[in-house]
Each structure stands twice: as structure tokens, then as C-alpha cells.
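Right, one structure below, let's go through it.
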Amino acid sequence: MADQLTDEQISEFKEAFSLFDKDGDGCITTKELGTVMRSLGQNPTEAELQDMINEVDADGNGTIDFPEFLNLMARKMKDTDSEEELKEAFRVFDKDQNGFISAAELRHVMTNLGEKLTDEEVDEMIREADVDGDGQINYEEFVKVMMAK
């Protein structure tokens, strides 16, 4: 399934994987998964984290390695219930729930994920998605960007 991904997608997923793989050992543990999810405002139980890992842990060693992560991402991209996932993701970014993602909100989430971005980089991300030029990202613009990935 992962063989249907482009080189660009694989390199983006490698970057995402390294955000989760806090100690850089090539495996995502339940602890690391929990850290990232909590930084995004989620509060999964230990059992839920274990279930998430087990879902993709092909070799049964209790962690997710990069090939397993790629398969998960490839499956997720095929998912038909992505509409709900997109709404959920938008809500994570839209801290004040006003229907828009501001530069400050984008910076906040990216910082929580361990991505230190300059103001220019954040502004560039906003500009790329900001079709109507109002300086923030509405849901339609967010969906366009996410679907283009």
C-alpha cells in the first residue's frame, strides 16, 4: 500500500514520523504517541494508545517503525471518513473556534509539535493556503491544502 505514495509524500511522512519519534530511535512507543497527542489537545488513555499502536504494529513488537507508519499513512489517505478527520484537525488548529486559523494559532500548534518555525515560515504557510487573501485560513482553504497533500 505504501508503494503508491510519491517521494514527496514519503519525505513529508518521514518528517512527521520524526516529530513522534522523540528519542530518534526509529520506533514510536505509546509514550511518544501520547506526548504528541496531548500536545494537540487530545487526552488518550493508555489503553487507547496501545490500541492505536497495535492497529499498525505489523511485527507485533509493541512499537511503530517507519514502514509501519508509512502503511498507516497510506491507509489514512484512502480513508473515506476523512471529512470528519479534517473537521477534527481544523478544530485542533482553530483554538478560539472562530472558524479561522490565524498565524498565531498555526504557530502555537506547530510549536507544540516541536516545530520551531520563524514568523516568515508561518506567514508563508498561511499565504500558501489563504485563497481569499484575508490573512487567515478558513475551513474550505484548510480542506484544499490537506487534500492537495
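Residue numbers in this text run from 1 along the chain shown.
Yeah, the Cβs are placed from backbone N, Cα and C, and that goes for glycine too.
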Given Swiss-Prot lists D94, D96, N98 for Ca(2+) 3, the same-site residue among E88, E105: E105
D130 (Ca(2+) 4 binding site) and D94 (Ca(2+) 3 binding site), Cα-Cα, nearest whole angstrom: 15
Among D23, C27, E32, D96, which are recorded as binding-site residues, the nearest neighbour of E68 (Ca(2+) 2 binding site) by Cα: C27
Cβ atoms near D134 (Ca(2+) 4 binding site) (within 10 Å, other residues, all chains): 11
